[in-house]
Amino acid sequence: MATDELSSKLSRRLQIEEGAEEPVAVDFFGTQDGSEDKPSTANADSELGAKLQRREELNEGQGEHQQPSMKVLNPYTEFKEFSRGQIKDMEKMFKTFDAGKDNYIDLMELKLMMEKLGAPQTHLGLKNMIKEVDEDLDNKLSFREFLLIFRKSAAGELAEDSGLCVLARLSEIDVSTEGVKGAKTFFEAKVQAISESNRFETEIRQEQEEKKKQLEEQKVRRAAFKDLQSAFK
């Protein structure tokens with residue numbers, strides 16, 4: 001039987017080489033006519049196609065589970081109603097009470113802050129204070145949300161007896177002057193915008209001059225120290 005089978009295979013190969021018979025593809029599952037699809041291959045192709053389509057949707061921002069982009073806060077451009085000096089004061093106060101140094105003020109840190117300001121609040125009162133400006137609902141205050149307290153205070157949007165109003169009033173940061181947002185007409189807004197821009201540039205220039213002055217003083221001190229050193233050599 002083995003000899004007959006081998007003879008048959010050799011005869012078939014000769015016929016194929018001479019062109020007398022067309023070769024037939026044989027798959028791993030014994031199918032010779034190629035009329036039946038391989039289920040595993042079809043499923044794999046379908047799955048790969050779905051994944052590629054999903055990735056394309058994510059790249060185009062159409063996917064449902066796309067992670068939101070993290071926006072970097074620039075307080076000087078977002079909170080234009082405040083001067084650089086006011087924002088720096090708010091930042092200093094924020095960092096003072098951010099005991100955990102995680103860039104957030106949580107419930108306990110807010111409790112300590114209000115006690116230091118001489119206006120202690122109840123647990124519920126503290127939670128309500130956070131809730132009023134907690135835009136991302138994480139039950140703590142980011143620096144941006146902290147700035148919102150003073151924006152709302154300047155705009156008169158805080159109830160007089162609210163904890164946030166007390167915080168803004170006792171913080172010793174003057175936020176009584178509103179910026180462009182408070183202008184009544186377009187012309188007034190334009191004038192005020194130019195004024196705000198000029199003030200911003202002036203403050204930056206003053207900071208640069210102050211730094212330059214400090215550097216010059218450091219150079220003078222270094223030179224004096226070197227002269228003193230050389231005198232002892």
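Cβ coordinates are placed from backbone N, Cα and C, and glycine is handled just like the others.
Annotated range for coiled coil in TrEMBL, selecting from 30-61, 190-221: 190-221.
For the domain 'EF-hand' (85-120), the list of distant contacts is 75-76, 79, 126-127, 129-130, 138-143, 146-147, 150, 163, 166-167, 170-171, 173-175, 203: same-chain residues at least six beyond its ends, Cβ to Cβ under 8 Å.
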